[in-house]
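The N-formylglycine annotation in Swiss-Prot covers Gly44 and is backed by similarity to another entry. Swiss-Prot lists Gln69 with the feature glutamine amide, giving similarity to another entry as the kind of evidence. Here Swiss-Prot flags 1-21 as signal peptide.
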Amino acid sequence: MKFLVNVALVFMVVYISFIYAAPEPEPAPEAEAEADAEADPEAGIGAVLKVLTTGLPALISWIKRKRQQG
């Protein structure tokens, strides 16, 4: 079980680092002001939680199947 927890933590760190490492184009000053006014800080957290709740159980079940096979 400790192995699965370690694998899950590594998966999370790698996935989150890819999200934050992606380059984004510079927005125009007008668009940036509009985006700041409409920004939703909870949107990013929701996306991460969605990945964790859907991807992590699938990864764990895949690892369990591979361990049972070999």
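Note: Cβ is positioned from N, Cα and C throughout, glycine not excepted.
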Beyond the flanks of the signal peptide (1-21) by at least 6 residues, Cβ under 8 Å: 48, 51-52, 55-56, 59-60, 63-64
Assigned element (helix, strand, coil) containing Gln69 (glutamine amide), judged by DSSP: helix
